[in-house]
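Accompanying notes for the structure given below.
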Amino acid sequence: MCIWRNSTYEQVTFAPSILHKLAVIEVPIHSLAGYVVLFKTPSRMESVKWMIGAYLDLFLSALSTQFFLLPAAAGHSQGLYTFIGIPVKWQAYMFISAICLAGVSILGFFESRFNAVVRGRGMSILKSKRRLIYIGGHYIYAFVFILPITFTPPDQTNGKFYVRAMLPCVPQEIFDHPHFFVYAIDITLLTWIIGIATVVISSECIYFFTRIVIFLSSTKAKSQKTYKLQLHFFIALTIQISIPLLVVICPIGYIVFAFVASHFDQALNNIALNFMAMHGLISSAVMLTIHRPYREVILKIFYYSYFYKKLHRRSVHIEGTVVVVSNHRS
């Protein structure tokens, strides 16, 4: 099915009109979250997860805003990377890799919590070569799994004819865009590569999550205080992961549906990418509010700023009063 309504939501300018403005909000929030994560937490994996979420946000909103014609693997990019001349196929590679990296970072979070809660904190990530190889291998995989498609793009003239026949409702000016690029004609291999990565990483996340839940709900001998601390900490971290994860799962769910059902609706394509671009922003906001140590740091920053300004104004007022009184006495 090919749907084109000629609405604002389908236009090339729709995503940039929202995402470029969103970047103005993202930069200060990510900067604040970065300061808190890097200097106020001992967990290194938290830093990795935050940085990947922030990068995915900024990638879509400013560096390389995507305009994909799904379910065809074709489209073009707008943003800083296009301005400086980075080829569209490499921007598509970075986009797909960034999504996979976000999934791997979530896997790393659950794996680190599994080792901390179930196996005990004595097994540090720096002391375990197997854990480093395990997580490091996943990060390497996120960078290389899409390379077979990236290095074998179709002839662009034939590719455009193929996509044009596949999507007859799309206006010709979309195909005439100077940066329009066909990533692949036969999307079978692309679908399998992305599908396998999604299933494997999701299954591993579910495994670690389930093991943690089983452990926390077990009746093993432990102090009630320790149990409550572990439970509250895990619930907070799960909320931190789950809320932004839904922001990514919903667009990906639509993308999978579009490929499987051969359904084309550019308005939904653009909206899905806009939602995905909010992942890191929501993740940073949730992280700063759900965890008590982070929340206290933020409150102290604004509390100090508020009272500093208030005391400063008061001191200026008092100083002015003293000056007036002294002049009156003289």
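Glycine too: its Cβ is placed from the backbone N, Cα and C atoms.
These numbers come from a predicted model, not from an experiment.
Sequence annotations record features per position, and here TrEMBL assigns transmembrane segment to 50-70 (among others).
Under the heading transmembrane segment, TrEMBL lists 90-110 (among others).
According to TrEMBL, the feature transmembrane segment maps to 131-151 (among others). Within the same chain, residues 89-90, 92-93, 96-97, 100-101, 103-104, 107-108, 111, 115, 123, 125, 183-184, 189-190, 193-194, 197, 201 sit at least 6 positions outside the transmembrane segment (131-151) and bring their C-beta atoms closer than 8 Å to a C-beta of that stretch.
Taken from TrEMBL, the feature transmembrane segment applies to 180-210 (among others). Below 8 angstroms of C-beta separation, residues 71-76, 87-89, 92, 96, 100, 103-104, 106-107, 110-111, 113-114, 138, 141-142, 145-146, 148-149, 152-154, 156, 158-160, 162-163, 174, 238, 252, 256, 259 of the same chain, each at least six residues beyond the ends of the transmembrane segment (180-210), sit close to that stretch.
Same-chain residues lying 6 or more positions outside the transmembrane segment (231-259) and placing a CB less than 8 Å from one of its CB atoms are 53, 70-71, 99, 102, 106, 109-110, 113, 117, 187, 191, 195, 198, 209, 212, 216, 265, 268-269, 272-273, 275-276, 278-280, 282-283, 286-287, 290-291. The transmembrane segment annotation in TrEMBL covers 231-259 (among others).
Residues 9, 15, 18-19, 22, 25-26, 29-30, 32-33, 36-37, 49-50, 52-58, 60-61, 65-66, 68, 99, 102, 236, 239-240, 243-244, 247-248, 250-252, 254-255, 298 of the same chain lie 6+ residues outside the transmembrane segment (271-290) yet bring a C-beta within less than 8 angstroms of a C-beta in it. If you look up TrEMBL, you'll see 271-290 (among others) marked as transmembrane segment.
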